[in-house]
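J.: Below you will find the structure I want to go over with you.
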Amino acid sequence: MDNTTWVVNHTGRSDFDLVGLFSQYKYPALLCVIVFVVFLMALSGHIILILVIYCDAHLHNPMYFFITQLSFMDVMYISVTVPKMLMDQVLGVNKISAPECGMQMFLYLTLGGSEVFLLAAMAYDRYVAICHPLLYPILMNHRVCLLLVSSSWFLGSLDGFTLTPVTMTFPFCRSREIHHFFCEVPAVMKLSCSDTSLYETLMYLCCVLMLLIPVTVISSSYSFILFTIHRMNSAEGQKKAFATCSSHMTVVILFYGASVYTYMLPTSYHTPEKDMIVSFLYTILTPVLNPLIYSLRNKDVTRALKRMLNVGTLRKILGRKCLY
């Protein structure tokens, strides 16, 4: 490889081409509209959920504090990839510069890693609330909640700071086409002309550690929760506890399942088409499902939403009467 090629590969003056999701389908314009609608649904769903929790004093407790943080992460997570993808389709451009690619990679790794640990913190919160209700105000006070959320963000950022610089410093002397709709690490690594087997092994071990600790916390928490629910005498208490936990477990299975496929399965199981479908699941579909899961299956949130809507309607009626 001559000096000019080396300089282009390492200084980021050469753009990457994102093959994208739309090129795989017969009607890209229709898919673009669907993705745009899903994006708007995700944004509006999370913003409404955050506002409901913020405005209703009954929801000012640790569980809803964590749900607010999850919504904030999901809004950022979907905003990292979807607007760029939609704009490229509308403008007919599919290029992304190396710095933009690196920034996108860092943000989605940081947000994804943070969400992994936040889901573990939410499982621990449910364990304390259900198994040790009398100690809940002490064990899950405001300081502990802030510490858990800060730790989630910090550990997630370590993922971004570790994987992004190493991935982007590999020489890319093959095709500049990334067979994906954003700069995901495995898709970018396929363009490298150097031996990446050692790095892929280290990335695998890193992901195992990042997933193993939260999975251990989540599985342990829910094992104790199920045992406690089984021993409850109150049928209403059992129903409420199970509804809360099942909502959380649905989110965990969706997010962790996609992460395991992307970063832990051997490359022989991967194809560009499968990778894009799985990435679509956890970068676009999961963020739009989360507010639905936490609102429709949660009576406290639905009641708070009705109260907020009733207050808004009442103010409009009073406002009209005042005008007359």
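Even glycines carry a Cβ here, placed using N, Cα and C.
Sharing the feature lines straight out of TrEMBL:
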- 27-52: transmembrane segment (TRANSMEM)
- 45-294: domain 'G-protein coupled receptors family 1 profile' (DOMAIN)
- 64-82: transmembrane segment (TRANSMEM)
- 102-122: transmembrane segment (TRANSMEM)
- 134-155: transmembrane segment (TRANSMEM)
- 202-229: transmembrane segment (TRANSMEM)
- 241-264: transmembrane segment (TRANSMEM)
- 276-296: transmembrane segment (TRANSMEM)
J.: Pairs of Cβ atoms less than 8 Å apart decide it: which stretch in 64-82, 102-122, 241-264, 276-296 has the most with the transmembrane segment (202-229)?
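T.: Looking only at 64-82, 102-122, 241-264, 276-296, the most contacts with the transmembrane segment (202-229) come from 241-264.
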J.: Which sequence positions outside the transmembrane segment (134-155), separated from its termini by at least 6 residues, show Cβ-Cβ distances below 8 Å to it?
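T.: Apart from its flanks, the transmembrane segment (134-155) reaches 62, 65-66, 69, 110, 113-115, 117-118, 121, 124-125, 128, 210.
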J.: Could you name the stretch, out of 27-52, 102-122, 241-264, with the greatest number of CB pairs under 8 A to the transmembrane segment (64-82)?
T.: 102-122
J.: With Cβ-Cβ distances below 8 Å as the criterion, list the same-chain residues six or more beyond the ends of the transmembrane segment (102-122) that contact it, or say none.
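T.: Counting only partners 6 or more residues beyond its ends, the transmembrane segment (102-122) has Cβ contacts under 8 Å with 12, 63, 66-67, 69-70, 73-74, 76-77, 80-81, 84, 96, 148-149, 151-153, 155-161, 163-164, 167-168, 182-185, 188, 210-211, 213-215, 217-218, 248, 251-252, 255-256, 259, 282-283.
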J.: Averaged over the domain 'G-protein coupled receptors family 1 profile' (45-294), what pLDDT does the prediction give?
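T.: Across the residues of the domain 'G-protein coupled receptors family 1 profile' (45-294) the model's pLDDT averages 84 on the 0 to 100 scale.
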